[in-house]
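Some notes on the structure that comes next.
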Amino acid sequence: MNDYHLEDTTSELEALRLENAQLREQLAKREDSSRDYPLSLEEYQRYGRQMIVEETGGVAGQVKLKNTKVLVVGAGGLGCPALPYLAGAGVGQIGIVDNDVVETSNLHRQVLHDSSRVGMLKCESARQYITKLNPHINVVTYPVRLNSSNAFDIFKGYNYILDCTDSPLTRYLVSDVAVNLGITVVSASGLGTEGQLTILNFNNIGPCYRCFYPTPPPPNAVTSCQEGGVIGPCIGLVGTMMAVETLKLILGIYTNENFSPFLMLYSGFPQQSLRTFKMRGRQEKCLCCGKNRTITKEAIEKGEINYELFCGARNYNVCEPDERISVDAFQRIYKDDEFLAKHIFLDVRPSHHYEISHFPEAVNIPIKNLRDMNGDLKKLQEKLPSVEKDSNIVILCRYGNDSQLATRLLKDKFGFSNVRDVRGGYFKYIDDIDQTIPKY
């Protein structure tokens, strides 16, 4: 570098130092001028359009928001719309619990994340987004899976909790811990084109999740968005409504006198609708919030409340090892020129899954249709005219779960003997064998 360029660079650095000093001085003056106000001057500008809405309570309401701590469990389809609106509104501290990482398949609905953050922890991605949106708030992340051992430590100190999870097990856990800590919960769920929302344990007088659902749904009735799909704007609206309900709680819109338990149901298709149903209140016999409750902090932390056992789990491991083949073994027989002459290739995914991406040689009979045949071979032969009791049948599904159930069904109900499923399913084949196939 010659002397001219060195001198020029030195001058630029000096100018930057001077500008930095001036900015610091201006900031100090602004902070000094706002000492007599509950908010900084920048915060008055930031929240002004919100404070002039009469229902928010003006400056006093904004101070309530600033002094409130809200914990959001899940930074997915529900948490993504709720988080930025809570941050934008000025909630003073926001906690985010999520140990998942951002995946490409999330981005159509979890719009707080973006393509550059694939592989990043969702809680960290969310933290980066909302702190850029509002630098006046404090954000705490918990990159862990919520369980009986850590829930009390995480929840402690928060005023409100948003349950943005997608499993009954976690909903029971969140509700139980919140009741024991005296925290109000905004709880929601969504799937496909629909969603629902409610408020649990309002001010320790409202019903908890167990008051509504004393027993969990059977495992085979529970569908995740990974299995059933979800429309982004539909789940987004429900998440946004969660933020609205949280603001109403913080601002005191709901009181012990006017609060009535409710369940809001949103449907996006074919025409959008929003219905609100009155729900029953706190139940005296409830095991968690009733008079003789047994679900206590001690019982939960000691593991006496077995949530996995209580909620159950669908058992997919129903096949013997010799009834399953690896994707490598499947690849070898699939590439055989006489594959179709020797085998019947059955894809048991739902038809709309099959239409997205499939092997051209596979015949699609959804597992639901197989069940409806109730072991009637003639009904199966209407779909597969060439199938016989001694046919070699290879079954494929999305992940290798339904294919096991279908294998068991064909053997036990229909009487077939030569049936095998592909371990790991269609997606395992794509990951390990052929990445050129569309993966949805």
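The backbone N, Cα and C atoms fix where each Cβ goes, and this holds for glycine too.
Between the listed residues SER148, SER189, SER326, SER357, Swiss-Prot assigns phosphoserine to SER326, with no corresponding entry for the rest in that record. Per Swiss-Prot, ATP is bound by GLY77, SER105, ASN106, LEU107, HIS108, ARG109, LYS122, ASP166, SER167; the candidate from ASP98, ASP176 named for the same site is ASP98. For the pair CYS397 (active site, cysteine persulfide intermediate) and ASP166 (ATP binding site), the Cα-Cα distance reads 23 Å.
Looking only at other Cβ atoms within 10 Å, the busiest spot among the recorded positions LEU107, CYS397 turns out to be CYS397. For SER326 (phosphoserine), the nearest of the binding-site residues by C-alpha distance turns out to be SER105; the candidates were SER105, LEU107, ARG109, ASP166. ARG109 (ATP binding site) has a Cβ environment of 23 other Cβ atoms inside 10 Å. Long-range C-beta contacts of SER105 (ATP binding site), restricted to its own chain and to partners at least six residues apart, with a cutoff below 8 Å, comprise TYR440.
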